[in-house]
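What follows is a short report on a single structure.
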Amino acid sequence: MRRLVYCKVVLATSLMWVLVDVFLLLYFSECNKCDDKKERSLLPALRAVISRNQEGPGEMGKAVLIPKDDQEKMKELFKINQFNLMASDLIALNRSLPDVRLEGCKTKVYPDELPNTSVVIVFHNEAWSTLLRTVYSVINRSPHYLLSEVILVDDASERDFLKLTLENYVKTLEVPVKIIRMEERSGLIRARLRGAAASKGQVITFLDAHCECTLGWLEPLLARIKEDRKTVVCPIIDVISDDTFEYMAGSDMTYGGFNWKLNFRWYPVPQREMDRRKGDRTLPVRTPTMAGGLFSIDRNYFEEIGTYDAGMDIWGGENLEMSFRIWQCGGSLEIVTCSHVGHVFRKATPYTFPGGTGHVINKNNRRLAEVWMDEFKDFFYIISPGVVKVDYGDVSVRKTLRENLKCKPFSWYLENIYPDSQIPRRYYSLGEIRNVETNQCLDNMGRKENEKVGIFNCHGMGGNQVFSYTADKEIRTDDLCLDVSRLSGPVIMLKCHHMRGNQLWEYDAERLTLRHANSNQCLDEPSEEDKMVPTMQDCSGSRSQQWLLRNMTLGT
């Protein structure tokens, strides 16, 4: 029996080394130019081959399911970082991941002489397992000759294991890992600036502290910067479940935009961008904005373009500020579809903001609007009137930067880079739509696409009660338009399609009526059955069918 077990072990070991030999033979047959000094992608690829034989929780990106007996403990641990800490701690720090790249990406060959990079990771009270899994994924899946260093910036963490224990641990890793300590809680923006200032690489790559890099993630980013140093590049951001840590591939068919409130949003890649790439999905996507957590930028260009706005606090808005600045000042922003990095997306943040989240984000957004949005800032202020009340500090240095860089106006950005923007360039009215009879206002109620528009007491605080009556005669709330598909309604909010039809409304500035062209009915007050939604009725000229549109300029 023992002899049989021994034979099986020998056979299994032999098979594994045969596979390694075959891999090496195939690799070097394609790599005549490789030298010993530059390992190219050999070690990361070899690690990936070996990792496919690993078994254990979360391997190959599979979900980790916690037994029922441990559910209560799991829920308590979840509160610490707002993700399933129990699941994360069960997963190996160097777990294997699936290769989620497009097939065309797997055969791409990149230049030998690529710039190297410093990877800057900011953390604050991060979990040990997610932080170290981020670091390991960078080291194990990056050619070391391209990896100048990993810089961990501790934004005043309070947990003991992130002090001396972490310092001693990173000394054992294969590449230089430097830890920088912020003296006080400074936020992502200032911590990244500190890390960038200490970096030595030709390129700076910023990552969040709960990421996992996949095979071949780095070379496509650096190759694109080598082609054009003024191109700022982002990987496709894959989703790591905050509940199970399952690894799910992100889409190469989405890119970054923003809504009326200047919140970053993902939108489908438009047909014009597909046409520009001639249908080749392995080519980079030009994106109007970036999510901001994960990107690479030439270190000198980072300085030339103005780094981050140091007047912004913590985080929020800095990604749009940098996106506008890059495009308006002669650079470009791309999603490199052959690069994949996973990110733990949390439903809530475990951190508190000095002054509150709303105050911080309002200040940051006010700064970016004042410097970069020109006359379109007034549109944003109507949507978010609370922003105007915030002390946003001195932006004269940033305005001087814009002048020195000879940056283009925001209208150029909307017309040339983001023509699909939800901001209407021409509109007759922007603000509340108030019913004369009830003195109530249309309200989107925070509802989503394919739900009914509501009506509520007017509050004068913008937000959900801001509608635009556009030059195309749509009634818009952000990227949704009021749509009526049948007689007597209901009035539904659907994606604006710009094809008129069910979304065409005629406003009579004398009678104050909003007539739906297709049904020939008028928007009316709510019925007794549901006092929270407007109705569609035959036009009668009654006060209940009269609506006051704020700042109405019909005919301009």
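Cβ atoms are placed via backbone N, Cα and C, with glycine included.
Annotated Mn(2+)-binding residues in Swiss-Prot are ASP208, HIS210, and among HIS124, HIS340, HIS343, HIS359 the one listed with them is HIS343. Within the list ASN116, ASN140, the entry that Swiss-Prot describes as N-linked glycosylation site is ASN116. Among the candidates ARG185, ARG281, ARG286, the residue that Swiss-Prot names alongside ASP155, TRP315, ARG346, TYR351 for the substrate site is ARG185.
Looking at CYS329, CYS481, CYS496, CYS522, the record from Swiss-Prot puts CYS407 in a disulfide bond with CYS329. Annotated Mn(2+) site ASP208, HIS210, HIS343; additional same-chain residues within 8 Å of its Cβ mean position, judged by their own Cβ, are THR130, THR134, LEU207, ALA209, CYS211, ILE240, GLY293, LEU294, GLY342, VAL344, PHE345. Averaged across the region 'Catalytic subdomain B' (284-346), pLDDT for the predicted model comes to 96. Between the CA atoms of CYS329 (disulfide bond) and ASP155 (substrate binding site) there is a gap of 31 Å, rounded to the nearest whole number. Geometry remark: CYS539 (disulfide bond) versus ASN551 (N-linked glycosylation site), CA distance 24 Å. Local packing around the Cβ, expressed as the count of other Cβ atoms within 10 angstroms, is greatest for CYS522 among the disulfide-bonded residues CYS496, CYS522, CYS539. A simple way to gauge crowding: the CB of ASN116 (N-linked glycosylation site) has 18 other CB atoms within 10 angstroms, across all the protein chains here. Less than 8 angstroms from the CB of CYS481 (disulfide bond) sit GLU474, ILE475, MET493, LEU494, LYS495, CYS496, HIS497, GLN503, each of them six or more residues away in the same chain.
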